[in-house]
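Among the features that TrEMBL reports, region 'Disordered' is placed at 1-32. The adenosylcob(III)alamin binding site annotation in TrEMBL covers V180, E201, C230.
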Amino acid sequence: MTARDDRPAASGPLDPRAQGHDAASSAATEDAQDLWRTLRTHTSARLALGRVGPGLPSAEVLRFGLAHAQARDAVHRPLDVDALASAVRALGMPVLRARSQAPDRATYLLRPDQGRLLDEASRQELEQAEPAAELAIVAADGLSAVAVQHHVPPLLAELQKVHGTDWTRTPVVIAEQGRVAIGDPIGAALRARMVVVLVGERPGLSSPDSLGVYFTYEPRPGRLDSERNCISNVRPAGLPYVEAAAKLAYLLRKGLRLGFTGVRLKDDSEAAVLSAPGTSSRLGA
């Protein structure tokens, strides 16, 4: 019987075509990696995380856990009302306080409807305050008090620069356990023509501190969401304060001039915002 030879066959010279294919494939992979690395410098979104076998690298797993914890903390962290009030007063703006009908954070999260309603004591106090005349501003903790704490004062400072002194004495109502629609009864109580609600948005894994800006013409209880406009993701890593303030001032003036907000109020402010001092195109930055 002839013994079987299990030794591997001797390999011949490498095929030049195979070598060229491997080199091209390696170059394409490197180009793709460069593209992803470039994209990651322009966003905090979780892109190009890499992999180790079928799973994520340990560093990315840890970053995910941290981002998730930061999002949860943002929802439950209370607003430091005194510190925020001091920062707003430093801008020369009067401060009022209010609460929704949600008595605590747990109720606020379980009963969104109560976060939209003004409690009776707050309503009476606001009705006795000096009328807002044209504009009232509400800073509501929403789902991220961190966003309101950090971003409301610098945004208001930029709004004053853009609009001048007209809105310097605009009252700022700090509303605890408030949602977007709480601006309707607050604006009505202050008899304002327009209300702006600065509210902490629902945290994301890359944005635990995103601030939303909602504004409504002739606010009153029962207004529909379609009757307001929104500017979203205001923060240094999103829409910068100077651009958000320029866009907001433009739309407020337009809404007051036309007599409405909502789906009928079209945002054609891009040219005006990009030409404002200190602004830049996000794509060309």
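Glycine too: its Cβ is placed from the backbone N, Cα and C atoms.
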Q. When you measure from the Cβ of C230 (adenosylcob(III)alamin binding site), which residues in the chain that are at least 6 apart have a Cβ under 8 Å away?
A. G212, V213, Y214
Q: Would you list, in sequence order, the residues of this chain other than V180, E201, C230 that have their CB within 8 A of the centroid of the site's CB atoms, where the site is the one recorded for adenosylcob(III)alamin?
A: G142, V197, V199, G212, V213, Y214, S232
Q) What does DSSP assign C230 (adenosylcob(III)alamin binding site), in three states? A) strand
Q) CB neighbours of V180 (adenosylcob(III)alamin binding site) within 10 A? A) 20
Q: Find the longest CA to CA distance in the recorded adenosylcob(III)alamin-binding set V180, E201, C230; express it in Å as a whole number.
A: 11
Q: State the count of C-beta atoms found within 10 angstroms of the C-beta of E201 (adenosylcob(III)alamin binding site), not counting that atom itself.
A: 24
(Q) Please report the three-state DSSP label of V180 (adenosylcob(III)alamin binding site). (A) helix
